[in-house]
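Below you'll find the structure, written out as structure tokens, and then a few comments.
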Ligand code: RTP
Ligand code: MG
């Protein structure tokens with residue numbers, strides 16, 4: 001059975017010229033692109049997207065960072081797409097992320113870790129709707 005996941009190439013990933021690299025890894029894995037757009041997030045959308053972290057001490061910095069430049073938002077689809085992309089991304093802290101993962105290969109700081117991927121079917125449904133309401 002196929003599922004969808006919401007992926008972001010965060011502003012640091014765009015700034016570092018890693019959009020092609022991230023898309024290649026998604027496509028090489030066999031996931032299918034169903035929506036893709038370069039955009040700069042408003043504060044409202046950023047706060048909604050990361051709403052689960054509202055009370056955390058890093059929330060302000062996280063919102064500043066994610067709204068601080070253009071990012072690439074996309075929806076990918078495939079069997080276990082959510083888990084498949086989280087495996088490509090690697091651990092949240094890039095120092096702990098395994099080499100060979102996107103974060104393991106291209107990042108050093110937890111606050112600037114290149115990509116986002118939905119973490120559960122519930123998050124994916126919410127995030128796909130937030131970024132691409134037209135997908136239904
Ligand atoms: P993301 O949502 O961005 O895909 O990352 P994630 O699931 O791997 O990690 P999550 O716990 O959802 O955290 C969201 C983002 O917040 C930043 N963070 N900073 N300073 C800290 O201790 C800390 N913890 C998390 C990271 O940039 C993380 O990607
Ligand atoms: Mg998360």
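Backbone N, Cα and C atoms are what each Cβ position is placed from, and that goes for glycine too.
TrEMBL annotations: computationally assigned, not manually curated.
Since we're looking at a predicted model, the values are computed, not measured.
Among the candidates 4, 80, 103, the one that TrEMBL lists alongside 10, 58, 86, 92, 113 as binding ATP is 103. Largest CA to CA distance in the ATP binding set (10, 58, 86, 92, 103, 113): 21 Å, whole number.
Taken residue by residue with DSSP, residue 116 (active site, pros-phosphohistidine intermediate) is part of a strand.
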